[in-house]
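Visitor: Take a look at this one; I'll ask things after.
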Amino acid sequence: MTQNKSDGQASEESFTMHGIQMASENGEMKEQQTPSKEQHSPNEEQQFIPVELQSPVELPSPIEGKESPPEEYKQWKFLLFYLCVYGFMTQLRPGESFITPYLLSQERNFTKEQVTNEITPVLSYSYMAVLVPVFLLTDYLRYKPVLILQSLSHISVWLLLIFGTDVIAMQFMEFFYGITMAARVAYSSYIFSLVSPTNYQRAAGYSRSSVLMGVFVSAVLGQLCISLAGVPFRTLNYISLGFMILGLFLTLFLQRPKRSLFFNKSTSKQQNGIHLFEEQKANTGAKAGGLCSGWRDFVIIRMLMELKGAVRHPRLRLWSLWWIFNSAGYYLMLYYVQILWNTIYPATDNKKVYNGGVDAASTLLGAITSFAAGHIKIRWNLWSELVIGLVTAFQAGLLFLMNTTDNIWVCYVAYILFRSSYQFLVPIAIFQIASNLSKELCALVFGVNTFFATILKTIITIIIADKRGLALSVHPQFYVYFAYFTVLAVLFLGAAALVIIRHYHAERLKDKPQIPPKAETEQKTTSSSAAICESNA
């Protein structure tokens with residue numbers, strides 16, 4: 001297990017729903033205000049967007065009853081403030097940046113082979129196993145029960161870290177950690193069921209900032225405890241356990257919403273959906289039994305059918321492929337990088353382990369690059385492949401540098417730049433995928449992308465890391481990751497070359513003067529007459 005699971009997952013993966021909502025709103029606003037200069041035909045780009053999915057879900061105000069606007073505004077502010085406090089506090093796990101040094105220390109005395117080939121791979125397996133059930137249960141149970149499950153799983157993780165003594169206990173620890181990672185979608189989507197649609201963007205910004213601040217403070221706190229106060233790793237784990245118990249206490253007081261994205265919509269929307277389903281069943285001659293459960297099944301089936309049509313969109317297909325392949329390699333690096341650090345610099349003095357500071361720096365720089373990416377305006381339909389290819393090639397070079405250097409500080413810097421480069425492309429991918437889709441379809445697209453990335457990550461783990469596979473040590477593993485990103489870079493750059501060549505070829509054809517049909521006929525007649533005269537001569 002690696003120190004980066006909290007900041008990596010929380011700051012990158014759990015806020016996809018926030019990006020979905022903002023991208024969907026921005027895309028709709030652009031379409032309503034001015035047409036795009038490079039707009040494709042409706043049959044080409046938007047044929048997969050059903051009429052009932054083109055507008056955002058109309059969620060009424062979360063405050064029930066006849067309350068005056070000032071009272072409603074005050075309650076909305078209180079709910080948002082409590083959510084931000086909850087998001088901040090649940091990220092305070094200062095011991096997480098030092099889990100691998102703790103496992104490899106004399107106190108725990110696990111070997112690098114056990115941590116690399118027996119303990120850490122369980123995380124990928126458990127995450128893949130629980131991802132889909134947790135995703136569906138999150139929506140069906142309306143978020144709060146899954147958030148409670150996440151808090152209980154966090155407590156189980158730290159109890160096993162403190163009191164577990166064998167490999168089996170650490171594997172169970174990784175299993176519970178997989179549950180916490182899968183359950184992070186509950187917080188990111190929970191907020192949209194509590195606030196009115198007009199406040200989505202503000203709420204998303206505040207909640208994201210609170211979680212990133214929690215990740216940053218957690219890493220800094222852990223590093224200060226280790227470097228300045230000389231706190232043992234075990235004591236740091238007790239501190240983390242205390243914060244997780246406090247997080248469970250805060251979870252119990254969260255308001256359980258009455259609506260969710262798929263299964264528990266507002267009454268009017270559900271009635272409209274049931275009416276539509278009745279009409280379709282009547283047209284096909286189907287029986288009218290089991291209407292309620294049939295409608296719930298119909299929601300997912302309809303969304304999957306729309307997803308099949310959405311895949312034909314070239315921009316969505318490109319960025320989804322990037323999401324699947326790049327994130328799979330990214331998280332594999334994230335899971336094993338601390339073992340690499342320990343191999344490069346096996347510090348015997350805990351005060352010289354700077355994992356927390358590196359996590360804090362990478363979180364801060366990643367937030368800056370994500371913010372900067374939102375302000376870059378280029379012709380993405382032309383340059384997307386080139387940008388992806390260059391960033392992926394840069395990541396491949398950083399992986400090679402991390403794996404070949406003997407200087408731990410060079411490895412730290414390469415890691416920070418690697419994470420920041422990934423963070424740079426994440427908001428761009430979110431907007432490119434979500435700008436032309438409904439919120440429900442966006443959630444399904446990102447869920448499917450994450451699931452495929454998890455499957456790919458698990459397959460790679462079984463082959464190269466698991467003791468039942470090749471059981472490679474950390475350095476050969478990073479050579480595999482380097483080759484993986486190199487192949488991706490070559491493919492994306494090759495695709496970029498084709499796109500650019502086709503674009504400029506089309507531009508040349510467009511600039512070439514066209515001969516009118518009538519003039520072309522006259523030219524042919526003149527040429528024929530001249531040819532006849534020449535033959536007679």
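Glycine is treated like the rest: Cβ placed from N, Cα and C.
Automatic prediction, not curation, is the source of TrEMBL annotations.
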Visitor: Could you tell me which of the ranges 58-81, 514-537 is annotated in TrEMBL as region 'Disordered'?
Guide: 514-537
Visitor: Which residues of the same chain, at least 6 past either end of the transmembrane segment (209-229), have a Cβ under 8 Å from a Cβ in it?
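Guide: Result: 6-7, 10-11, 14-15, 83-85, 87-98, 187, 235-236, 239, 350-351, 353-357, 359-360, 363-364, 367.
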Visitor: Apart from its near flanks, which chain residues at least 6 from the ends of the transmembrane segment (321-341) lie with a Cβ under 8 angstroms of it?
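Guide: For the transmembrane segment (321-341), the nonlocal Cβ contacts are 1-5, 8, 13, 99-101, 112, 115-116, 120, 123-124, 355, 388, 392, 395, 399, 402-403, 408, 411-412, 415, 418-419, 422, 425, 429, 433, 446, 449-450, 452-454, 456-457, 460-461, 465, 474-475, 477-478, 481, 484-485, 488, 492.
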Visitor: In terms of Cβ proximity under 8 Å, which residues at least six beyond the ends of the transmembrane segment (478-501) contact it?
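Guide: For the transmembrane segment (478-501), the nonlocal Cβ contacts are 318, 322, 325-326, 329, 332-333, 336, 340, 382-383, 385-386, 388-390, 392-393, 395-396, 399-400, 402-403, 460, 464, 472.
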Visitor: Six or more residues beyond either end and a Cβ under 8 Å away: which residues meet both conditions relative to the transmembrane segment (380-401)?
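Guide: Same-chain contacts beyond the ends: 38, 315, 318-319, 322, 326, 333, 410-411, 414-415, 417-418, 421-422, 424-425, 428, 432, 478, 481-482, 485-486, 488-489, 491-493, 495-496, 499-500, 503.
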